[in-house]
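K.L.:
Here it is, the structure, as structure tokens.
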Amino acid sequence: MISVMQQMMNNSNMPPPFVKSSDSHETHDESPTSPFIKRSDSPATTSSAAAAAMQHNFWSTRAAQLQQSVSGSSGVSSGSSSSASNNLSRTQADNHSERGSDTASSPQVAPLPTSSGMSMPAAAAAGMYPFNAGRFPTEFNMMVNQSMYNDFYSNSLAASSWPYSYPQQYPFANYSMPSLDGNLNDGGQLEWTSSSHAMRKKRKPYTKAQTLELEKEFLYNTYVSKQKRWELAKYLHLTERQVKIWFQNRRMKDKKQKQRTSGDPTGMLMPPGLD
């Protein structure tokens, strides 16, 4: 564009076409039908010089404006590209600063080696394995926080009512067991006994005097009638049921003795007419 404008400026300084110059001695009485325009060799007038100067100034000004516009557009493009690059660098710097602040605020935990070649933070290992590490290899001892292990078991032992030095292993260890020091035949009931057992009366053994009187009656009558049963119960301060049960047990005992001595499998025959 600039080269074209300069060429046009150069062409403006050339004389216009179809102009014929003539000497001063020639006359101007030629025919008006001549295709050429005569020009005298006299110096140019003031008006033609001013017009040529104005035309030259116009094209010079136009060329300068074009150069300024081209340089301005290139400057704008370069400025926009530089501003974009500055924004990108500023964003990257902000990201690096944020990453640095996060890295500085986060605690740095040194990794610990394990038997498999992997690394694990010590805090995570102590939280995941709160038990005794003595049963495991030496590499495993490095992952367990011994102070945390001691606090865990000491707190558990202090919170419980376990009377021994070692901690409880079962949740039902706090259950109080009943005392078994006393005699079980003293009529005391355990906690897990049912109510039906508590309703049963205590077994009372027969005294020697009662046993002697019952043995005398058994020598005469193996089976006792209701009247005799009532008399014995009243005399010996027993119930009729106790008298009846004693005679049943005594007959069974006598039957076994006779079977051992005589070998009779049937035993003693029951006398007729007795209950």
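Using the three backbone atoms N, Cα and C, a Cβ is placed for every residue, glycine included.
Quick paste from Swiss-Prot:
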- 1-53: region 'Disordered' (REGION)
- 22-31: compositional bias 'Basic and acidic residues' (COMPBIAS)
- 44-53: compositional bias 'Low complexity' (COMPBIAS)
- 70-89: compositional bias 'Low complexity' (COMPBIAS)
- 70-116: region 'Disordered' (REGION)
- 199-258: DNA-binding region (DNA_BIND)
- 250-259: compositional bias 'Basic residues' (COMPBIAS)
- 250-275: region 'Disordered' (REGION)
K.L.:
Tell me, what is the mean pLDDT of the DNA-binding region (199-258)?
P.N.:
90
K.L.:
Provide the three-state DSSP residue tally for the compositional bias 'Basic residues' (250-259): helix first, then strand, then coil.
P.N.:
10 helix, 0 strand, 0 coil
